[in-house]
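One structure is given below, encoded as C-alpha cells.
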C-alpha cells in the first residue's frame, strides 16, 4: 500500500466524496525519500490551528514534528525519517482555542492492545495469498445461486484459554476453521473485528475502522486466517458499522476540537440510544472515509461480505418521536453499494434492517438501495413467537408461519437467528422451546429444519449448532462441556447432517429467490398445526416435499398431496433416533397414488413425526416423472 504525497486530484476527490482509496493517502505509510527511509503521515483536521505527530520516537512531544498544511480544507502531512515498524504514535491536535488533544490515527492499520490506544506504524505489504481457487470460484457463479449458511460468531467468546485469554487469529485458524468445515457452514460472520476500546460493546462501538483489533494478533495473522478459511471453502463476512462510532477521547469524536466525522447539530450527532456519535453522512469526506474502508477490507483482507449494522438508524434521523428519512444517508447507502458492486461484484452487501423500507435489495438504477441481501427480521420474529407459543395454542396463530410467504420474494432475504435473539434474557434457541427436555430438543431440530427449507439464505449464532441451553454469555466461552451430554451430541450431528443436505440440494439455494421455487401443499391445516409445501428445482421433476408438524402428535397413514405421479423417498427426518428423536420415520419409498388431494394430481400416505420435519425427494420410477 504505497503512499504518496497528496496530489491536487487526490485532494479534490477526497473533498468531493469519491476518493475511494483514501487509505493510500491518509494514515502512516512506509516511504523512502531522498535516500532516507521512514514513515509519511497524513491526516484531515480542518479546524485545527496546528497538528503534530507525537510518539515514542520523540518522547511524546510533537513540537519537533509539526505537520505541514496542504490546503485550506485541512489536510496535513509530514515525513519522518528513521521511524521503523510498530512505532507508537498519535496526532497532537492543537484546537482553535489552544487546547491540545492526543488522537489515534483514523486511518491507522494497526493499534495497541486495549486499554492502550496509540496507533502503530505497520506495513501491510508482503503477505502471499493462497486463495486463488476460492476467488476464481466466487467469480464464476452468480451470487444469488450459491448456498449460504452463515455461522455468526464473536471471536472473543467462542473459545477461551483456561486462564481467560482470547484465542489468537493463529489459534482460531487451527481450531475454528476445522470446526466450521466439520459442521458444513458455508460462511462465518464475525462480529466487528476493527479496533474498539470496550470488550462488551462486541465491536459495535468502534473507532479504528482500518485497524483489525490487536486483541487477537497483528494484521497479517488475520489475513492468514481469512486465507485459510478460503482454502477450506469457507467465506468470511464482517459485521460493519458505518452509522455511528464510540465517543472515547482518543477516537474520531470531536477530532479536531469540533464536530468533524459526526453531525454538527447535537440532536443529529448524539446517538442517545447507544451513547455513541452518528457519522455525518452528508459530508463528502466521510463518504470517502467509509466507502474506502469497505473497499480496503475487500482488497487487503479478501473479505467476502459485509453485514451493515443498524440500517434503520442510518436511514432515519435519530432522536425523534416520528421517523423522518435522512436523505444524506439514503444517498450514502446507494453510493456505497454501487461502488462495491462495481469494484467487487462477488462481495455480498447485507442489510440488517428492521424497517419496511422498499427495495432494500433493489438495483440502485431502479430506485433501490443496492444491497444484495436483507435480514428478514419479520420472519424471525414471527417464527420465534410461534415456537414460544404452547403447542396446543399454535392453531390460533397459524398465520405466523404462513405470512412470510406473502413477501418472501419481494427482497433477497437472509433468515437470521442472530446474537441479538440469544442474549439479555431472551434465552437460547433451545430454551425458547416450550415443554420438557425431550420436547425442547425436538422443536429445536424442527426449527432449524424449517429455516433450512424456507426460501432465503440462512444464519445462526454460535452455540446454536449444538443446542446450548444458556443464552450467550459474552464474557465467557461457549458451553463446550455440553458435548459430553448425549442429546447435545445428537443435536450437533443433526446440524451437520442438515447443513450437508442443504449444500448438496441445489433445489434449496439455486433459485430460492424466485417465487416459482415454492408452492404450498396445505397451508390451512391450523387444527393440527401441520404445514406442507414443495420446493422445486430448475429442472422438471426436481422437487422436495416437506411436512412440518408443530405438535407432539404422531400421525400414521397421513395423506399428503404431491405434484408428480412417482416415488418419494425420505431424505431427512428430524425425529430419527440418530438425532435424539422417537424414530417415527418413513423407511420405505412412498409411491404416489391416483386421486387429487390438496389441489395436486396425486397423493402419498406417510407417517408424520411429532415435533418433526420430514423431507421427501421425488425420484424417477420407470421412465419420466409424470405430472
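Any Cβ shown, glycine's included, is placed from N, Cα and C.
Pulled from Swiss-Prot, these are the features on record:
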type     : residues : note
ACT_SITE : 309      : active site, nucleophile
ACT_SITE : 352      : active site, proton donor
Nearest-integer angstrom distance between the alpha carbons (Cα) of residue 352 (active site, proton donor) and residue 309 (active site, nucleophile): 5
Cβ neighbours of the residue listed as 'active site, proton donor' where a neighbour is any other Cβ within 10 Å: 22
DSSP three-state assignment for the residue listed as 'active site, proton donor': coil
For the residue listed as 'active site, nucleophile': intrachain residues, at least 6 apart, with Cβ closer than 8 Å: 192, 204, 239, 240, 241, 242, 243, 352
